[in-house]
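Residues annotated as anthranilate 1 binding site in Swiss-Prot: GLY80, ASN111. The 5-phospho-alpha-D-ribose 1-diphosphate binding site annotation in Swiss-Prot covers GLY80, 83-84, THR88, 90-93, 108-116, SER120. Positions annotated as Mg(2+) 1 binding site by Swiss-Prot: SER92, GLU230. According to Swiss-Prot, the anthranilate 2 binding site annotation covers ARG166. For ASP229, GLU230, the entry in Swiss-Prot reads Mg(2+) 2 binding site, with the evidence type sequence analysis.
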Amino acid sequence: MAHTEILDTLQQGSKLSKPEMKRCMDAIMDGAIPDTAIATILTLLQKNGISADEIAGARESLIERATPITLDERAVDTCGTGGDSAGTFNISTAAALIANAAGVSIAKHGNRSVTSQCGSADVLEALGLPIELHPEATTALYRQTGFAFLYAPLYHPAMKKVAPVRKSLGIRTIFNILGPLLNPARVKRQLVGVFEPSLMELYAEALRQSGCSHALIVHGETESGLPLDEASVSGRTHIIELQNNVTCRHTTKPTDFHLQQWPIADLAGGTREENALLITRLLEGKATQAQREAALFAAAIACYVSGNANCIDEGICMAKEALAERRALRNLEAIIEISRDLERKYGTGKN
(Lines of atoms letter the chains of each structure in order from A; the text may use other names.)
(Lines give C-alpha, C1' and ligand atoms only; values in the text may rest on other atoms or scores of the structure.)
Protein backbone atom coordinates (compact mmCIF):
# COMPACT_ATOMS: atom_id res chain seq x y z
CA MET A 1 0.00 0.00 0.00
CA ALA A 2 1.69 3.20 -1.21
CA HIS A 3 1.73 6.18 1.11
CA THR A 4 -0.49 8.05 -1.36
CA GLU A 5 -3.17 5.38 -0.86
CA ILE A 6 -2.78 5.69 2.90
CA LEU A 7 -3.24 9.44 2.63
CA ASP A 8 -6.32 9.00 0.44
CA THR A 9 -7.88 6.61 2.96
CA LEU A 10 -7.20 8.92 5.90
CA GLN A 11 -8.31 12.05 4.04
CA GLN A 12 -11.68 10.37 3.50
CA GLY A 13 -11.97 9.98 7.27
CA SER A 14 -11.60 6.19 7.08
CA LYS A 15 -9.59 4.01 9.45
CA LEU A 16 -6.63 1.84 8.51
CA SER A 17 -6.85 -1.88 9.20
CA LYS A 18 -4.23 -3.46 11.47
CA PRO A 19 -2.21 -4.84 8.49
CA GLU A 20 -2.45 -1.49 6.67
CA MET A 21 -1.23 0.38 9.74
CA LYS A 22 1.65 -2.05 10.18
CA ARG A 23 2.71 -1.56 6.56
CA CYS A 24 2.37 2.19 6.98
CA MET A 25 4.58 2.20 10.09
CA ASP A 26 7.07 -0.15 8.41
CA ALA A 27 7.35 2.31 5.52
CA ILE A 28 7.79 5.26 7.89
CA MET A 29 10.55 3.48 9.81
CA ASP A 30 12.23 2.31 6.59
CA GLY A 31 12.46 5.90 5.37
CA ALA A 32 10.15 5.17 2.44
CA ILE A 33 7.76 8.04 3.24
CA PRO A 34 8.90 11.69 3.12
CA ASP A 35 8.66 13.76 6.28
CA THR A 36 5.92 15.99 4.88
CA ALA A 37 3.72 12.95 4.22
CA ILE A 38 4.53 11.49 7.66
CA ALA A 39 3.39 14.75 9.25
CA THR A 40 0.13 14.62 7.30
CA ILE A 41 -0.47 10.96 8.18
CA LEU A 42 0.11 11.60 11.90
CA THR A 43 -2.16 14.64 11.84
CA LEU A 44 -4.97 12.81 10.01
CA LEU A 45 -4.77 9.80 12.34
CA GLN A 46 -5.20 12.17 15.27
CA LYS A 47 -8.01 14.09 13.59
CA ASN A 48 -9.93 10.93 12.64
CA GLY A 49 -9.55 9.38 16.09
CA ILE A 50 -7.04 6.56 16.43
CA SER A 51 -8.52 3.05 16.48
CA ALA A 52 -7.41 -0.02 18.43
CA ASP A 53 -6.47 -1.75 15.16
CA GLU A 54 -4.29 1.20 14.17
CA ILE A 55 -2.56 1.13 17.55
CA ALA A 56 -2.07 -2.65 17.35
CA GLY A 57 -0.66 -2.45 13.82
CA ALA A 58 1.76 0.34 14.69
CA ARG A 59 2.83 -1.49 17.85
CA GLU A 60 3.56 -4.68 15.91
CA SER A 61 5.81 -2.80 13.51
CA LEU A 62 7.77 -1.02 16.26
CA ILE A 63 8.11 -4.06 18.53
CA GLU A 64 9.63 -6.03 15.64
CA ARG A 65 12.32 -3.32 15.36
CA ALA A 66 13.06 -3.07 19.07
CA THR A 67 16.40 -4.23 20.43
CA PRO A 68 15.47 -7.69 21.75
CA ILE A 69 15.69 -8.65 25.40
CA THR A 70 14.31 -11.88 26.87
CA LEU A 71 13.21 -11.95 30.49
CA ASP A 72 10.27 -14.20 31.42
CA GLU A 73 6.48 -14.26 31.40
CA ARG A 74 6.24 -13.30 35.08
CA ALA A 75 7.52 -9.78 34.43
CA VAL A 76 5.17 -6.86 35.13
CA ASP A 77 5.43 -3.34 33.70
CA THR A 78 4.02 -0.35 35.60
CA CYS A 79 3.75 2.76 33.48
CA GLY A 80 1.54 5.65 32.49
CA THR A 81 0.90 7.65 29.36
CA GLY A 82 1.83 10.93 31.02
CA GLY A 83 0.02 14.03 29.88
CA ASP A 84 -2.13 14.61 32.96
CA SER A 85 -0.13 17.70 34.07
CA ALA A 86 -0.88 16.85 37.70
CA GLY A 87 2.73 17.23 38.83
CA THR A 88 2.74 14.22 41.15
CA PHE A 89 5.92 12.47 42.25
CA ASN A 90 6.96 9.29 40.42
CA ILE A 91 4.25 7.07 41.89
CA SER A 92 4.49 4.20 39.38
CA THR A 93 8.29 4.03 39.80
CA ALA A 94 8.01 3.96 43.59
CA ALA A 95 5.29 1.32 43.25
CA ALA A 96 7.51 -0.82 41.00
CA LEU A 97 10.27 -0.80 43.63
CA ILE A 98 7.86 -1.69 46.44
CA ALA A 99 6.17 -4.44 44.41
CA ASN A 100 9.57 -5.87 43.49
CA ALA A 101 10.49 -6.07 47.17
CA ALA A 102 7.16 -7.84 47.74
CA GLY A 103 8.21 -10.56 45.28
CA VAL A 104 6.94 -9.21 41.95
CA SER A 105 9.22 -9.46 38.90
CA ILE A 106 9.41 -5.98 37.34
CA ALA A 107 10.42 -5.01 33.80
CA LYS A 108 9.81 -1.28 33.82
CA HIS A 109 9.92 0.41 30.43
CA GLY A 110 10.44 4.14 30.73
CA ASN A 111 11.94 7.36 29.49
CA ARG A 112 12.90 10.81 30.55
CA SER A 113 10.21 13.37 31.29
CA VAL A 114 7.90 14.70 28.59
CA THR A 115 5.19 16.63 30.47
CA SER A 116 6.58 16.73 34.03
CA GLN A 117 9.84 17.74 35.67
CA CYS A 118 10.88 14.15 36.22
CA GLY A 119 10.25 10.91 34.32
CA SER A 120 10.99 7.37 35.52
CA ALA A 121 14.43 7.38 33.89
CA ASP A 122 15.25 10.73 35.50
CA VAL A 123 14.35 9.65 39.04
CA LEU A 124 16.01 6.22 38.80
CA GLU A 125 19.18 7.86 37.53
CA ALA A 126 19.02 10.36 40.42
CA LEU A 127 18.66 7.41 42.82
CA GLY A 128 21.94 6.06 41.44
CA LEU A 129 20.77 3.43 38.96
CA PRO A 130 22.63 3.26 35.62
CA ILE A 131 19.72 3.58 33.17
CA GLU A 132 21.59 2.74 29.94
CA LEU A 133 22.84 -0.72 30.85
CA HIS A 134 23.74 -3.08 28.02
CA PRO A 135 20.84 -5.53 27.45
CA GLU A 136 23.04 -8.42 28.65
CA ALA A 137 23.66 -6.53 31.89
CA THR A 138 19.96 -5.81 32.27
CA THR A 139 19.15 -9.49 31.75
CA ALA A 140 21.72 -10.45 34.40
CA LEU A 141 20.31 -7.83 36.79
CA TYR A 142 16.81 -9.22 36.28
CA ARG A 143 17.98 -12.77 36.97
CA GLN A 144 19.62 -11.68 40.22
CA THR A 145 17.01 -9.21 41.52
CA GLY A 146 13.80 -9.68 39.53
CA PHE A 147 14.07 -6.02 38.45
CA ALA A 148 14.91 -4.49 35.09
CA PHE A 149 14.68 -0.94 33.79
CA LEU A 150 14.38 -0.75 30.01
CA TYR A 151 15.33 2.74 28.84
CA ALA A 152 13.12 3.42 25.82
CA PRO A 153 15.64 5.24 23.54
CA LEU A 154 18.11 2.38 24.01
CA TYR A 155 15.64 -0.27 22.88
CA HIS A 156 13.82 1.73 20.20
CA PRO A 157 16.56 3.43 18.16
CA ALA A 158 14.29 3.52 15.08
CA MET A 159 12.10 6.09 16.83
CA LYS A 160 14.81 8.69 16.23
CA LYS A 161 13.68 8.79 12.61
CA VAL A 162 10.37 10.43 13.47
CA ALA A 163 11.63 12.70 16.26
CA PRO A 164 12.07 15.78 14.01
CA VAL A 165 8.57 15.38 12.52
CA ARG A 166 6.98 14.92 15.94
CA LYS A 167 8.79 17.98 17.27
CA SER A 168 7.77 20.14 14.31
CA LEU A 169 4.11 19.11 14.65
CA GLY A 170 3.98 20.01 18.32
CA ILE A 171 0.85 17.91 18.94
CA ARG A 172 0.16 14.57 20.59
CA THR A 173 0.27 11.77 18.01
CA ILE A 174 -0.10 8.00 17.91
CA PHE A 175 3.50 7.77 19.18
CA ASN A 176 2.45 9.29 22.52
CA ILE A 177 -0.14 6.54 22.89
CA LEU A 178 2.23 3.75 21.85
CA GLY A 179 4.83 4.23 24.61
CA PRO A 180 3.26 1.97 27.28
CA LEU A 181 2.68 -0.75 24.66
CA LEU A 182 6.28 -0.98 23.48
CA ASN A 183 8.02 -2.80 26.32
CA PRO A 184 10.84 -4.59 24.46
CA ALA A 185 10.60 -7.58 26.82
CA ARG A 186 7.07 -8.10 25.44
CA VAL A 187 5.66 -8.39 28.95
CA LYS A 188 2.37 -10.24 29.38
CA ARG A 189 1.33 -8.41 32.56
CA GLN A 190 0.86 -4.66 32.85
CA LEU A 191 -0.49 -1.83 34.95
CA VAL A 192 -1.15 1.05 32.54
CA GLY A 193 -2.28 4.48 33.66
CA VAL A 194 -3.97 6.66 31.04
CA PHE A 195 -4.64 10.40 31.23
CA GLU A 196 -7.83 10.29 29.16
CA PRO A 197 -10.74 7.90 29.80
CA SER A 198 -11.42 7.50 26.07
CA LEU A 199 -8.07 5.70 25.76
CA MET A 200 -8.98 2.92 28.17
CA GLU A 201 -10.88 0.73 25.70
CA LEU A 202 -8.21 1.31 23.04
CA TYR A 203 -5.46 0.11 25.34
CA ALA A 204 -7.49 -2.87 26.52
CA GLU A 205 -8.08 -4.02 22.94
CA ALA A 206 -4.50 -3.34 21.81
CA LEU A 207 -3.16 -5.28 24.80
CA ARG A 208 -5.58 -8.12 24.09
CA GLN A 209 -4.36 -8.31 20.49
CA SER A 210 -0.75 -8.33 21.72
CA GLY A 211 -1.35 -11.47 23.79
CA CYS A 212 -1.33 -9.82 27.21
CA SER A 213 -2.51 -12.28 29.87
CA HIS A 214 -3.43 -9.85 32.67
CA ALA A 215 -3.58 -6.06 32.65
CA LEU A 216 -5.30 -3.28 34.53
CA ILE A 217 -5.83 -0.06 32.60
CA VAL A 218 -6.56 2.71 35.08
CA HIS A 219 -7.68 6.32 34.86
CA GLY A 220 -7.78 8.30 38.08
CA GLU A 221 -9.41 11.53 39.15
CA THR A 222 -8.35 14.20 41.61
CA GLU A 223 -10.74 15.41 44.30
CA SER A 224 -12.01 18.02 41.82
CA GLY A 225 -12.37 15.52 38.96
CA LEU A 226 -9.21 16.45 37.05
CA PRO A 227 -7.51 13.55 35.20
CA LEU A 228 -4.67 11.38 36.50
CA ASP A 229 -2.75 8.75 34.54
CA GLU A 230 -2.63 6.44 37.57
CA ALA A 231 -4.73 4.85 40.28
CA SER A 232 -5.93 7.65 42.52
CA VAL A 233 -6.00 8.16 46.27
CA SER A 234 -7.50 11.61 45.65
CA GLY A 235 -10.76 10.54 43.99
CA ARG A 236 -12.25 7.81 41.86
CA THR A 237 -10.27 5.32 39.79
CA HIS A 238 -11.85 3.86 36.66
CA ILE A 239 -10.50 0.42 35.80
CA ILE A 240 -10.68 -1.91 32.82
CA GLU A 241 -9.28 -5.31 33.71
CA LEU A 242 -8.11 -7.63 30.94
CA GLN A 243 -7.54 -11.23 31.92
CA ASN A 244 -7.43 -14.25 29.64
CA ASN A 245 -8.99 -12.28 26.75
CA VAL A 246 -11.95 -11.12 28.87
CA THR A 247 -12.45 -7.51 29.99
CA CYS A 248 -14.49 -6.10 32.84
CA ARG A 249 -14.99 -2.56 34.03
CA HIS A 250 -15.34 -1.11 37.49
CA THR A 251 -14.84 2.10 39.44
CA THR A 252 -13.26 2.31 42.87
CA LYS A 253 -12.41 4.88 45.52
CA PRO A 254 -9.59 4.77 48.09
CA THR A 255 -11.88 3.86 50.97
CA ASP A 256 -12.83 0.63 49.16
CA PHE A 257 -9.32 -0.57 50.09
CA HIS A 258 -9.18 0.99 53.57
CA LEU A 259 -7.09 3.90 52.28
CA GLN A 260 -7.79 7.55 53.00
CA GLN A 261 -8.65 10.12 50.35
CA TRP A 262 -5.92 12.74 50.02
CA PRO A 263 -5.73 16.11 48.23
CA ILE A 264 -3.68 15.86 45.05
CA ALA A 265 -1.46 18.65 46.40
CA ASP A 266 -0.20 16.17 49.01
CA LEU A 267 1.33 14.07 46.20
CA ALA A 268 3.24 16.89 44.51
CA GLY A 269 6.59 16.08 42.99
CA GLY A 270 9.52 18.28 42.08
CA THR A 271 12.89 17.98 40.39
CA ARG A 272 14.56 14.64 39.81
CA GLU A 273 16.68 15.13 42.93
CA GLU A 274 13.64 16.07 45.03
CA ASN A 275 11.68 13.06 43.77
CA ALA A 276 14.62 10.73 44.38
CA LEU A 277 14.83 12.00 47.97
CA LEU A 278 11.06 11.57 48.35
CA ILE A 279 11.22 7.95 47.16
CA THR A 280 14.19 7.26 49.45
CA ARG A 281 12.28 8.68 52.41
CA LEU A 282 9.25 6.62 51.39
CA LEU A 283 11.30 3.41 51.42
CA GLU A 284 12.85 4.45 54.74
CA GLY A 285 9.39 4.82 56.27
CA LYS A 286 9.70 8.62 56.55
CA ALA A 287 7.24 9.79 53.86
CA THR A 288 3.86 11.34 54.53
CA GLN A 289 0.85 9.06 54.84
CA ALA A 290 -0.52 10.44 51.56
CA GLN A 291 2.68 9.62 49.66
CA ARG A 292 2.84 6.20 51.27
CA GLU A 293 -0.76 5.27 50.42
CA ALA A 294 -0.47 6.48 46.80
CA ALA A 295 2.55 4.23 46.26
CA LEU A 296 0.97 1.33 48.17
CA PHE A 297 -2.17 1.45 46.00
CA ALA A 298 -0.21 1.24 42.74
CA ALA A 299 2.15 -1.41 44.16
CA ALA A 300 -0.85 -3.46 45.28
CA ILE A 301 -2.26 -3.44 41.75
CA ALA A 302 1.11 -4.62 40.42
CA CYS A 303 1.06 -7.46 42.98
CA TYR A 304 -2.41 -8.41 41.78
CA VAL A 305 -1.53 -8.23 38.07
CA SER A 306 1.53 -10.40 38.72
CA GLY A 307 -0.62 -13.19 40.14
CA ASN A 308 1.22 -13.04 43.48
CA ALA A 309 -1.88 -11.54 45.11
CA ASN A 310 -5.41 -12.83 44.59
CA CYS A 311 -6.92 -9.35 44.89
CA ILE A 312 -5.87 -5.72 45.37
CA ASP A 313 -6.55 -5.91 49.12
CA GLU A 314 -4.08 -8.77 49.43
CA GLY A 315 -1.63 -6.78 47.32
CA ILE A 316 -1.87 -3.87 49.77
CA CYS A 317 -0.96 -6.21 52.63
CA MET A 318 2.04 -7.50 50.67
CA ALA A 319 3.20 -3.98 49.81
CA LYS A 320 2.77 -2.78 53.40
CA GLU A 321 4.95 -5.62 54.66
CA ALA A 322 7.68 -4.79 52.13
CA LEU A 323 7.72 -1.20 53.39
CA ALA A 324 7.37 -1.99 57.10
CA GLU A 325 10.27 -4.43 57.04
CA ARG A 326 12.45 -2.02 54.98
CA ARG A 327 12.76 -4.72 52.34
CA ALA A 328 12.06 -2.21 49.58
CA LEU A 329 14.93 0.03 50.73
CA ARG A 330 17.41 -2.86 51.01
CA ASN A 331 16.20 -4.17 47.66
CA LEU A 332 16.81 -0.82 45.93
CA GLU A 333 20.30 -0.60 47.44
CA ALA A 334 21.06 -4.10 46.12
CA ILE A 335 19.69 -3.28 42.65
CA ILE A 336 21.90 -0.18 42.44
CA GLU A 337 25.03 -1.99 43.65
CA ILE A 338 24.54 -4.97 41.34
CA SER A 339 23.69 -2.78 38.34
CA ARG A 340 26.87 -0.74 38.83
CA ASP A 341 28.94 -3.93 38.95
CA LEU A 342 27.24 -5.13 35.77
CA GLU A 343 27.82 -1.79 34.06
CA ARG A 344 31.54 -2.18 34.73
CA LYS A 345 31.44 -5.71 33.30
CA TYR A 346 29.24 -5.18 30.23
CA GLY A 347 29.34 -1.44 29.63
CA THR A 348 26.33 0.52 28.46
CA GLY A 349 23.93 -0.19 25.64
CA LYS A 350 25.46 2.72 23.73
CA ASN A 351 28.83 0.94 23.42
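Cβ atoms are placed via backbone N, Cα and C, with glycine included.
Predicted, not measured: the structure shown is a model, and the values here were computed from it.
Cβ neighbours within 10 Å of GLY80 (anthranilate 1 binding site), excluding its own Cβ and spanning all shown chains: 27. Spatially close to GLU230 (Mg(2+) 1 binding site) yet at least six residues away along the chain are GLY80, THR88, ILE91, SER92, GLY193, VAL218, GLY220, ALA298, judged by Cβ distances under 8 angstroms. Each residue contributes its Cα atom, and for ASN111 (anthranilate 1 binding site) and ARG166 (anthranilate 2 binding site) these two points are 16 Å apart.
Every protein chain considered, the tally of other Cβ atoms within 10 Å of the Cβ of ARG166 (anthranilate 2 binding site) stands at 17.
Around HIS109 (5-phospho-alpha-D-ribose 1-diphosphate binding site), taking its Cβ as the centre, 25 other Cβ atoms fall within 10 Å, counting all chains.
When the Cα atoms are compared, ARG112 (5-phospho-alpha-D-ribose 1-diphosphate binding site) and ASP229 (Mg(2+) 2 binding site) turn out to be 16 Å apart.
According to DSSP, SER92 (5-phospho-alpha-D-ribose 1-diphosphate binding site) is assigned to a helical segment. On a Cα basis, the residue listed as 'anthranilate 2 binding site' lies 21 Å away from HIS109 (5-phospho-alpha-D-ribose 1-diphosphate binding site).
Of the recorded residues, ASP229 (Mg(2+) 2 binding site) and ARG166 (anthranilate 2 binding site) place their C-alpha atoms 22 Å from one another.
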